Amino acid sequence: MFRIGQGFDVHEFAEGRPLIIGGITIPHEKGLIGHSDADVLLHTIADACLGAIAAGDIGKHFPDTDPAFKDADSAVLLQKVWGFVREQGYELGNLDCTIIAQKPKMAPHIESMRKRISELLETSIDNINVKATTTEKLGFTGREEGIASQAVVLLQKK
């Protein structure tokens, strides 16, 4: 049996925070605002995984009203989600992600992101695709107000 999940997330830029995307710290003058470390890509992947097994979203499992998740490492949150997915008897078929950002350029960091995500999801890097695009200076990402991401995951029963 196969299950497909889709995820989407957006975070706003802010001064004085590190920029963490896909579990990788990226040099940039701004970071993203969030209750956790605001890793927009790992949040998107977690939502896609939870959606594939009809288990809600990360807000349900890790609410931003809970102080326990303040400044949480999104890699740890994704590992918890992935553990739950595996408990339900699923393994990863493949994951396809898109980061939507005007700046910074993501291309130099894509392979590091793929490697980190493959480690978190306990799978071959060949099952992980990460790509990036701009919005040609349109919308909030084009105005460099924040970053968005999308992901689609295919899970298969073990």
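Glycine is treated like the rest: Cβ placed from N, Cα and C.
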Listed in Swiss-Prot for the divalent metal cation site shared with D9, H11, one of H35, H43, H61: H43
Euclidean distance between Cα atoms of D9 (divalent metal cation binding site) and H35 (site 'Transition state stabilizer'), Å: 13
Among D9, H11, H43, T134, which are recorded as recorded positions, the nearest neighbour of P104 (4-CDP-2-C-methyl-D-erythritol 2-phosphate binding site) by Cα: T134
Number of other Cβ atoms within 10 Å of the Cβ of P104 (4-CDP-2-C-methyl-D-erythritol 2-phosphate binding site) across all protein chains: 18
